[in-house]
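As recorded in Swiss-Prot, the features of this protein are as follows:
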{"type": "ACT_SITE", "residues": "CYS393", "note": "active site, nucleophile"}
{"type": "ACT_SITE", "residues": "HIS530", "note": "active site"}
{"type": "ACT_SITE", "residues": "GLU532", "note": "active site"}
{"type": "BINDING", "residues": "SER13, ASP161, ILE162, GLU163, LYS201, THR202, LYS203, PRO204, THR205, GLN206, LYS237", "note": "CTP binding site"}
{"type": "BINDING", "residues": "SER13, LYS201, THR202, LYS203, PRO204, THR205, GLN206, LYS237", "note": "UTP binding site"}
{"type": "BINDING", "residues": "ASP71, GLU154", "note": "Mg(2+) binding site"}
{"type": "BINDING", "residues": "GLY366, LEU394, GLY395, MET396, GLN397, GLU417, ARG483", "note": "L-glutamine binding site"}
{"type": "DOMAIN", "residues": "305-557", "note": "domain 'Glutamine amidotransferase type-1'"}
{"type": "REGION", "residues": "1-280", "note": "region 'Amidoligase domain'"}
Amino acid sequence: MTKFVFVTGGVVSSLGKGIAAASLAAILESRGLKVTLIKLDPYLNVDPGTMSPFQHGEVFVTEDGAETDLDLGHYERFITTRMKRSNNFTSGQIYKNVLEKERRGDYLGKTVQVIPHVTNEIQEFVKRGAGIGSHSGDDAKFGVGEPVDVAIVEIGGTVGDIESLPFLEAVRQLSLKMGPTNTAFVHLTYVPFIAAAGELKTKPTQHTVQKMREIGIQPDVLLCRADRPIPDEEREKISLFTNVALHGVISVWDADTIYKVPRMLHEQGLDEMICMKLQLLTKPANLSRWDRLVKEVEHPRREITIAMAGKYTELSDSYKSLNEALRHAGIQHHAKVNIEYVDSETLTPETAGELSKFDAILVPGGFGKRGIEGKIVAAQYAREHGIPYLGICLGMQVATIEYARHKAGLAGANSTEFEPDGPHPVIALIDEWQDADGSIQKRDANSDLGGTMRLGAQSSDVKAGTLAHEIYGDVVTERHRHRYEANQKYLQRLQDAGLVISAITQREKLTEMVELPRSVHPWYVGVQFHPEFKSTPWDGHPLFSSYIAAALEHHAALQKEAA
């Protein structure tokens with residue numbers, strides 16, 4: 001029988017529930033258990049696909065094409081289970097499905113209410129994510145996860161928020177139905193240090209647990225976040241006023257790398273408490289690979305700096321998976337990768353010289369016209385000065401636009417996203433494609449923004465003799481999230497000018513990778529997909545590994561010139 005661990009948060013948001021949940025999952029997996037994670041988001045958006053990165057951070061794309069919360073990226077990087085559409089759902093999805101059922105008459109004329117209809121729907125979504133299907137049409141509609149031993153369910157938001165109440169009530173009911181040996185509650189809270197008083201304050205934690213108990217939930221474990229280890233005296237005080245056993249009050253202090261958190265939680269007995277509560281007999285945890293990973297992170301042999309030219313630079317969460325993928329590749333090369341954000345809105349031909357100090361340049365994905373000319377400047381500077389360049393999604397498109405303007409003689413080349421009536425639309429809207437499941441998707445300029453992009457895992461053929469072929473072999477399969485592509489009408493003109501189309505889909509002839517020959521540039525690649533979503537700290541990713549290797553070579557060359 002599948003066991004459930006519910007992870008909630010209190011006092012303030014952004015405490016790291018996702019990292020805590022993923023760390024617990026990693027420890028349980030090291031004990032031989034099959035684990036999955038499910039994220040419940042209380043906002044009314046159907047998914048985060050149309051939300052601003054400044055509001056939400058990165059949108060993580062799963063293999064099956066779901067646009068999900070960035071925490072699912074942490075989940076995939078911490079455990080071996082791959083996330084699916086069923087691993088993340090929102091209030092918007094829940095209410096939408098309830099209202100559709102009401103319109104169909106599924107409720108047989110009953111008054112539709114938050115309790116029981118919305119809370120029952122939440123429970124069904126949770127169970128599907130844990131591999132427990134309901135044998136209804138919703139199983140096919142939303143997908144069902146693989147059966148697991150333990151499902152860790154992270155409830156977004158903060159206890160006390162109005163939006164979270166139906167979710168908390170739903171998991172309270174679910175825990176009652178399943179029994180105390182099949183469910184556990186872990187509550188992440190905040191213990192602030194007041195500098196003027198010179199002490200940690202436990203009152204906010206007492207109040208957030210009181211709020212949970214009013215709802216009918218008694219936490220089994222408290223993860224107490226602070227900027228320092230919490231002394232035993234304060235832990236005893238928290239235990240007394242929250243009715244949580246002392247050994248269940250765990251100190252979680254700030255760490256210089258998230259990969260230290262599994263060891264931190266294990267050494268304080270979190271996994272042992274959960275296994276005892278859920279009556280799970282397992283082998284001892286083995287975190288040796290986490291220890292090796294932390295050692296690699298803390299003892300790099302070399303150091304490089306990457307310039308990331310984007311417009312969401314004020315919030316690093318906008319590029320969370322990308323940042324991690326670069327660091328993973330650095331680990332593979334025993335190198336520390338520093339990432340310096342360059343605001344593309346301020347980048348002009350006159351200021352482009354500031355890019356000369358970097359070991360490589362990267363233009364990430366994005367949407368909209370704002371900052372686009374600065375990204376084109378970054379691509380041009382990298383091409384003209386032999387600096388390793390990686391363009392991802394929009395980054396490939398701006399590299400194509402730049403090459404069309406300055407090498408293919410297509411003055412005014414642009415994307416129809418930014419200039420619908422431009423003279424040379426070298427990037428244009430995709431109107432038809434075939435998904436991995438064989439279904440044909442069609443779109444036009446009047447399609448809704450939400451859920452209408454080319455999403456999820458897609459495959460393409462790789463041209464022999466290219467850098468792309470060295471990295472991927474004959475076929476590349478990566479996750480996508482875009483609605484614009486290189487215009488097929490201009491491909492021959494671009495190739496005649498020297499741009500290499502190194503990966504292309506069989507059916508639609510959509511351009512997936514472009515590059516420059518090694519004889520022209522040491523490492524210049526653009527990809528239409530998002531390889532960062534498949535990178536892990538254990539294996540890295542071959543594209544990023546090749547990119548970082550080129551950056552290290554460029555760094556060595558710069559040092560040699562300076563000597």
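Yeah, the Cβs are placed from backbone N, Cα and C, and that goes for glycine too.
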Using a 10 Å cut-off, grab the number of neighbouring Cβ atoms around the Cβ of PRO204 (UTP binding site), all chains included.
15
Express in Å, rounded to the nearest integer, the largest CA to CA distance found among the CTP-binding residues SER13, ASP161, ILE162, GLU163, LYS201, THR202, LYS203, PRO204, THR205, GLN206, LYS237 named in the record.
30
When the Cα of THR202 (UTP binding site) is compared with the Cα of each of the recorded positions GLU154, GLY366, CYS393, MET396, GLU417, which one is closest?
GLU154
Top Cα neighbour of HIS530 (active site) in the set of recorded positions GLY366, CYS393, LEU394:
CYS393
Using C-alpha atoms, which one of the recorded positions CYS393, MET396, GLU532 comes nearest to ILE162 (CTP binding site)?
GLU532
What does the structure give for the C-alpha distance between LEU394 (L-glutamine binding site) and GLU532 (active site)? Integer Å is fine.
14
Can you figure out which of PRO204, GLN206, GLY366, GLU417, ARG483 (the binding-site residues) comes closest in space to LYS237 (CTP binding site), comparing Cα atoms?
GLN206
For the recorded positions ARG483, HIS530, which one has the sparsest Cβ surroundings, going by other Cβ atoms within 10 Å?
ARG483
Residue among recorded positions CYS393, LEU394, MET396 with least C-beta crowding, 10 angstrom cut-off:
CYS393
Return the count of C-beta atoms lying within 10 angstroms of the C-beta of GLY366 (L-glutamine binding site), excluding that atom itself.
22
What's the CA to CA span in angstrom from LYS203 (CTP binding site) over to GLN397 (L-glutamine binding site)?
52
Please give me the CB contact count at 10 A for SER13 (CTP binding site), counting all chains in the structure.
12
Among GLY366, LEU394, GLY395, MET396, GLN397, GLU417, ARG483, the record's L-glutamine binders - longest CA distance, Å:
14
